Amino acid sequence: MELATWTYEGPPHVGAIRIAASMDGIHLVLHAPQGDTYADLLFTMIERRKTRPPVTYTTFQARDLSGDTAEIFKTACTDAAERFSPDVLLVGASCTAELIQDDPGGLAKTLGLAMPAVPLELPSYQKKENWGAAETFYRLVRACAGSERRDRPESAQRVCNILGPSSLGFRNRDDIEEVKKLLDLLGVEVNVIAPLGASARDLMRLPDAGFNIVLYPEIAGSAAKWLARIHGQELVTIVPIGVGATRDFIADVARVAGVDPQPALAAGERLSWYSRSIDSNYLTGKRVFIFGDATHAIAAARIADEELGFKVCGLGTYTRELARDVRIAAAQYGVEALITDDHLAVEDAIFAAQPELVLGTQMERHVAKRLRIACAVISSPVHVQDFPARYSPQMGLEGANVIFDSWVHPLMMGLEEHLLQMFRDDFEFNDETQASHLAAVAPKGYGTAAVDGPEPVSTHQDIKLQAAPEALAWTEAAEKELKKIPFFVRGKARRNTESFAVERGVNPITIETLYDAKAHFGR
Amino acid sequence: MTATTLIQNLPAGDAVATHKPILRERGQHEVFCGLTSIIWLHRKMQDAFFLIVGSRTCAHLMQSAAGVMIFAEPRFATAIIGERDLAGMADLNDELDGIVERLLARRPEIRMLVLVGSCPSEVIKLDLDRAAGRLNKIHAPDCRVMAYSGSGIETTFTQGEDNFLSALVADMPAEEPDAGPSLIVVGSLADVVEDQFTRILQGFGVRKIAFLPSRTSRDLPPVGPNTRFILAQPFDNVTAQALVRRGAQQIFGPFPYGEWGTTGWLRAIAEAFDVDPERFAAITGPGRNRARQALEHYRGQLAGKRVFFFPDSQMEPSLARFLHGEMQAEIQEVGTPYLHRAHVAADLAALPETVQISEGQDVDRQIDRARAAEPDLIVCGMGLANPFEVEGYSTKWSIEFVFSPIQGYEQAGDLAELFARPLVRRSRLKVEA
């Protein structure tokens with residue numbers, strides 16, 4: 001048993017859902033108890049997807065356990081095949097269903113379905129989300145791409161597949177666009193992008209390309225290795241996150257495709273200049289702790305060290321499958337790699353390293369809050385705010401620009417940092433407050449506005465109110481009741497109540513007045 | 001006071017007609033499990049810590065739901081069962097004891113540790129009640145340890161709260177033999193709503209008023225034959241049974257949504273405590289007027305609108321009653337995960353007989369029915385809401401009713417606004433999705 005306040009990855013079946021939800025014409029039937037449909041919200045809410053993810057859950061309950069849960073699975077499978085008529089049906093079990101051992105794969109075989117059913121073994125008590133996604137993708141690629149090696153024309157060497165981007169992947173949507181731009185500059189054609197946006201038919205075309213670009217080895221590593229072995233496709237495994245890595249990526253793609261790298265190398269980004277400009281001087285040697293999936297952690301460490309001039313004081317990952325790569329990277333920066341999926345161990349390591357900036361996942365934001373350290377998110381797991389509407393890749397040239405802005409933003413700006421060191425007792429700028437560009441919080445006890453939250457800018461009505469401020473009083477009970485109104489609407493409630501009281505000549509304001517005004521204004 | 005006497009107070013014309021037969025369905029249930037109740041319970045009871053004993057799925061559910069907030073000191077966690085535990089290589093009880101020790105050492109301020117059962121722990125039949133008893137002997141009196149089940153196989157969403165509260169009932173002290181009459185209001189309410197109800201009930205002359213859950217684990221109210229209780233939430237059914245078993249008397253009323261519901265709910269209490277009708281009218285009068293006035297702002301937006309409810313929290317029949325009776329909306333279907341007829345009798349009786357009530361779910365079929373009904377507003381969970389919006393329907397995501405102050409007179413307008421907001425928004429936006 002393991003104590004988890006937060007978990008870096010979901011169970012493996014969530015990885016399987018991510019693959020199904022990434023693709024077209026694939027449906028997953030998941031044997032799972034009532035409640036496991038929460039996973040739909042990852043897609044409809046966090047990623048703001050417009051359709052229900054293609055998953056049918058059996059949602060068995062306690063009373064079903066004494067009966068025939070296998071029958072429930074079979075019914076769900078038949079209904080899903082009929083209703084959604086996918087090209088391929090995936091079948092698997094969640095952690096609870098694994099315990100009751102109904103064998104979804106075997107059951108699906110007996111149903112005489114009109115489409116192929118790919119069974120998934122997802123050992124929930126050993127493996128996790130990314131493994132589940134990689135395994136599901138690998139199974140699908142194997143099932144669709146076939147193991148007959150095909151002849152390719154020589155021109156195929158300039159054609160590639162992009163493997164790895166998926167639903168719920170950190171900034172995958174925009175990373176693809178950025179990588180496509182680079183390939184365009186190189187004159188390299190894209191055959192299939194998978195799993196995101198691909199169909200089973202597209203997977204059948206995978207062997208037509210000369211080589212594979214593996215953008216996210218956590219998801220596509222095993223499928224890409226299989227394609228290399230069976231179909232002889234070369235691999236590009238450099239992940240183009242950061243200026244240096246992007247240049248290396250361009251060089252490697254050019255080598256494999258036999259094209260000239262210059263057109264892509266000539267295209268510039270802004271990170272290099274921004275980081276050299278004197279405003280960035282104070283970033284030199286800032287201690288940074290890095291944690292995330294292996295791909296993003298390794299990339300972040302290189303950017304921090306070579307491109308921003310930070311001091312890497314900690315580097316780690318929860319991706320055990322790629323622990324070796326992270327250890328090698330960590331050794332370059334003179335730190336010992338932290339390989340763990342225990343959030344408390346990460347918290348302890350951050351505490352011990354005493355960084356000035358944490359680059360991590362949504363989970364490190366919790367620790368950073370507790371220790372009051374600046375923090376930026378570089379890797380999954382992430383929440384809704386990291387699936388932004390705006391274009392925000394991590395990869396390629398624009399990715400470097402995005403990274404510069406988002407990593408520097410949480411740090412205190414240079415002037416404020418200087419002044420804080422000189423003058424420590426300022427009532428507004430001091431150790432207790434956040435960097436002033438981050439939150440417009442007035443100092444404690446500084447006027448009523450601080451207690452009541454931000455007051456809107458002065459309007460005509462305000463001026464009228466202020467004409468009779470002394471006459472208007474709040475009873476102690478009413479003032480207390482007002483505090484129960486959430487701070488973000490409290491200022492408005494106070495003003496509404498006061499104007500209501502002035503209008504009706506009510507004084508002092510009581511709880512009744514407060515609620516009379518609320519009913520009067522409707523909100 | 002019984003449900004029948006209340007039904008006699010209902011507006012004429014709408015009353016106890018025979019309803020359509022209840023549609024009972026089984027298929028895919030698109031609902032939360034009871035673990036999700038921890039998301040509000042841990043804020044309500046501030047000295048309690050909720051430790052789920054389950055799998056990585058359970059931990060993932062919790063952080064996907066609550067992890068958008070950034071916690072310096074989270075008050076919930078998961079003890080994740082591993083392969084070693086299942087293979088019998090580690091003794092589950094020893095493992096659990098070790099985890100609790102580590103947790104309490106890290107968080108000495110915890111006064112109540114709640115072990116929460118999940119699907120995996122139920123299926124492997126790990127006895128958390130016994131574990132709680134054993135751990136309680138070790139950690140009491142500094143930290144009380146208790147257990148309840150929030151598993152998906154046994155509980156749907158708000159039923160998690162029900163199981164938690166019923167476990168708390170066992171912990172409540174017995175009332176003194178000569179105790180005077182007291183009242184317990186059952187069900188998590190927003191702090192501001194609790195305070196408003198307290199003022200009204202004090203106005204009735206009810207001296208001893210308590211709420212379950214209490215704001216800390218240390219001030220659980222006493223219970224006994226002189227205790228009366230009323231549900232403020234329609235899903236606390238097992239808790240009601242547990243209180244009755246401890247001798248308390250249940251008061252039945254409609255649920256306190258809107259002006260009519262709040263008045264009916266308060267009247268049920270007033271009758272049980274023999275409050276003089278004039279006093280009742282005087283105390284509730286200003287609130288009733290305000291509620292009516294506040295609802296008026298939204299009636300134009302909701303009257304005549306066709307509304308379809310998917311099952312989620314068991315609040316659906318009472319919310320539908322509010323929309324129909326007070327906002328003149330047309331109700332097409334009321335889905336509920338579980339229907340406790342006696343507890344929602346007053347609200348059910350006030351719904352017209354044309355309303356289809358459904359219990360349980362086969363989500364694909366229910367989606368077909370919803371599309372065929374062409375509702376103006378669909379009340380549903382977040383797994384369905386955005387996809388329905390894309391199809392051109394307005395939706396109100398149902399979880400918000402559990403997370404908003406909606407009970408009582410002063411919140412009547414806010415409750416109506418929750419339903420009106422998506423309709424207003426749809427008409428305001430000049431951009432197509």
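Placement of Cβ uses the backbone N, Cα and C atoms for every residue, glycine included.
Copied over from TrEMBL, here are the features:
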type: ACT_SITE; residues: A:D279; note: active site, proton donor
type: BINDING; residues: A:D36; note: [4Fe-4S] cluster binding site
type: BINDING; residues: A:G414, A:L415; note: substrate binding site
type: DOMAIN; residues: A:12-411; note: domain 'Nitrogenase/oxidoreductase component 1'
Densest Cβ neighbourhood among A:D36, A:D279 (recorded positions), 10 Å radius: A:D36
Recorded positions, contacting chain B; criterion Cβ under 8 Å; candidates A:D36, A:D279, A:L415: A:D36
Separation of alpha carbons, A:D279 (active site, proton donor) and A:L415 (substrate binding site) (Å): 10
A:L415 (substrate binding site), number of other Cβ atoms within 10 Å: 9
Structural state of A:L415 (substrate binding site), classified by DSSP into three states: helix
Rounded distance in angstrom between the Cα atoms of A:D36 ([4Fe-4S] cluster binding site) and the residue listed as 'active site, proton donor': 50
Average pLDDT across the domain 'Nitrogenase/oxidoreductase component 1' (A:12-411), rounded to a whole number: 96
DSSP three-state assignment for the residue listed as '[4Fe-4S] cluster binding site': helix
